[in-house]
């Protein structure tokens, strides 16, 4: 762009010059100036990272080998021979216990060997281990056994006649008036019966031996005062009566479930056994509805 402007200025100056002057043909200078070619290549900075190869120092420290042999201390066991004591005692006329001869055991004291080994001093390259020889001192055992002294005094036998005082025992055993044996019988559960009414508690009453229902200890229920009501007639007929029977003090009545009153309650009519029933039954139970029979009956 600058070269073109210079050429235009030179042409303009030549045109303005006076034409009547000498004929000087001045050709315009040809300035062929090529623009400089600046080829600047980017610098190639190839810097390799420094390779620092530092080997770790090899520190080889050999451990000193200190071989210390353990001291061999042999202590022979003491041989203490003690003859058994000969105690001869004449057999006495009375039976006496055999004499007790106490022989004290021999006291053999063996002191433990004192083996003192100093710790080895190991110096590097080469190790010098100095171990002093062990000094084992074993004193001979001193066994002192005194002869046993057996003293047997003549036995004194005193036998007094035994005094046996045996008083006749006073046995006062009154059997209880009445015992109730409870036994649970599971009913067959149906849709109508509830879970709480599936088990029925049956109370069995037992008479005192030798008593009758009239005396007050009958087969009445817990709620009844004296028992022996009209419902006990069937029970008295079923239980066997012993003529002129007296109460035995040593035997108490046992509670066993008698199957006879249960069988009698099924065969008898409904209003009679209600007197002997326990008071725990639900009296407000609604009667079941009887379905009408099909047919003319």
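Cβ atoms are placed via backbone N, Cα and C, with glycine included.
Swiss-Prot has this to say about the protein:
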type: SIGNAL; residues: 1-21; note: signal peptide
type: REGION; residues: 26-179; note: region '22 X 7 AA approximate tandem repeats of T-[ETK]-[PT]-P-[RKT]-C-[ERK]'
type: REGION; residues: 26-84; note: region 'Disordered'
type: COMPBIAS; residues: 27-58; note: compositional bias 'Basic and acidic residues'
type: REPEAT; residues: 40-46; note: repeat '3'
type: COMPBIAS; residues: 59-84; note: compositional bias 'Low complexity'
type: REPEAT; residues: 61-67; note: repeat '6'
type: REPEAT; residues: 68-74; note: repeat '7'
type: REPEAT; residues: 82-88; note: repeat '9'
type: REPEAT; residues: 96-102; note: repeat '11'
type: REPEAT; residues: 110-116; note: repeat '13'
type: REPEAT; residues: 117-123; note: repeat '14'
type: REPEAT; residues: 138-144; note: repeat '17'
type: COMPBIAS; residues: 141-174; note: compositional bias 'Low complexity'
type: REGION; residues: 141-218; note: region 'Disordered'
type: REPEAT; residues: 145-151; note: repeat '18'
type: REPEAT; residues: 152-158; note: repeat '19'
type: REPEAT; residues: 159-165; note: repeat '20'
type: REPEAT; residues: 173-179; note: repeat '22'
type: COMPBIAS; residues: 181-208; note: compositional bias 'Basic residues'
type: REGION; residues: 243-297; note: region 'Disordered'
type: COMPBIAS; residues: 282-291; note: compositional bias 'Basic residues'
What is the number of residues in the compositional bias 'Basic and acidic residues' (27-58) that are helix, strand and coil, as DSSP sees it?
0 helix, 0 strand, 32 coil
Same chain only, please: residues at least 6 beyond the ends of the compositional bias 'Basic and acidic residues' (27-58) with a C-beta under 8 Å from a C-beta of the stretch. Say none if there are none.
3, 6-7, 10-11, 14
I'm checking region-level scores; what's the whole-number mean pLDDT for the repeat '17' (138-144)?
60
